[in-house]
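Student: I'd like to ask some things about the structure below.
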């Protein structure tokens, strides 16, 4: 089994959801970002999404757009992001790590080279928001052939006619964007999320992770009762943006991660 399959299976046995954390690689700089990345598992992150910085992150809200700007300003690129994964893997062989971003940097790096280097570095999955299933042959198929999961986003506007197509070729888990729009937007209602999860379960056996708008341990716990994974990104990145030092950035992110993890872990305890 892949690291993602193993982790979600373990958590199912424990009757709890995964805490999935998102940070942008190289934000605010390489060393601070690597320290955050290395600290996330001990702070309670079950799965890590690592953003690949890009100049035009159109699906992301202001917090992650600014994170991209900070990372690019610190000279982060795809090669350095893969190096960061390699350094993370030197001390962690079991936490699933997923790269998330846009196709443009991968295209410029070269798809075959990227897949080979990502696999060698220890990448477990990809979320590429601007690669619809109609283009599976360009990245999804070769990535999966190399043993890298390809995770799809679904949204409130993905109707029943479109959903099977979106899920075609998906692996690892399904990422449900609970608010239509950009990342970090307002939280969805629990009733809406519950209905969406039920609809997705009719179409797939993959674990379902919910993201966009989750900022507090209480919100994370509420989602953890309904879904297999709880994704938090913008709330963590806000701590990097407001930090006055590298130490403050690391401490702020890891402290919030620990609080979110506690919320997720207690969510299903009666």
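A Cβ is built for glycine as well, from the same backbone N, Cα and C atoms used for every other residue.
Below are the features listed in Swiss-Prot for this protein:
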type	residues	note
ACT_SITE	49	active site, proton acceptor
ACT_SITE	60	active site, proton acceptor
Student: Taking DSSP three-state, what's residue 60 (active site, proton acceptor) in: helix, strand or coil?
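Tutor: In three-state terms, residue 60 (active site, proton acceptor) counts as coil.
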Student: Calculate the distance in Å between the alpha carbons (Cα) of residue 60 (active site, proton acceptor) and residue 49 (active site, proton acceptor), and round it to a whole number.
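Tutor: The Cα atom of residue 60 (active site, proton acceptor) is 14 Å away from the Cα atom of residue 49 (active site, proton acceptor).
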Student: Indicate whether residue 49 (active site, proton acceptor) is helix, strand or coil by DSSP.
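Tutor: Reduced to three states, the DSSP call for residue 49 (active site, proton acceptor) is strand.
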Student: Counting every protein chain present, what is the number of Cβ atoms, excluding its own, within 10 Å of the Cβ of residue 60 (active site, proton acceptor)?
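Tutor: The answer is 25.
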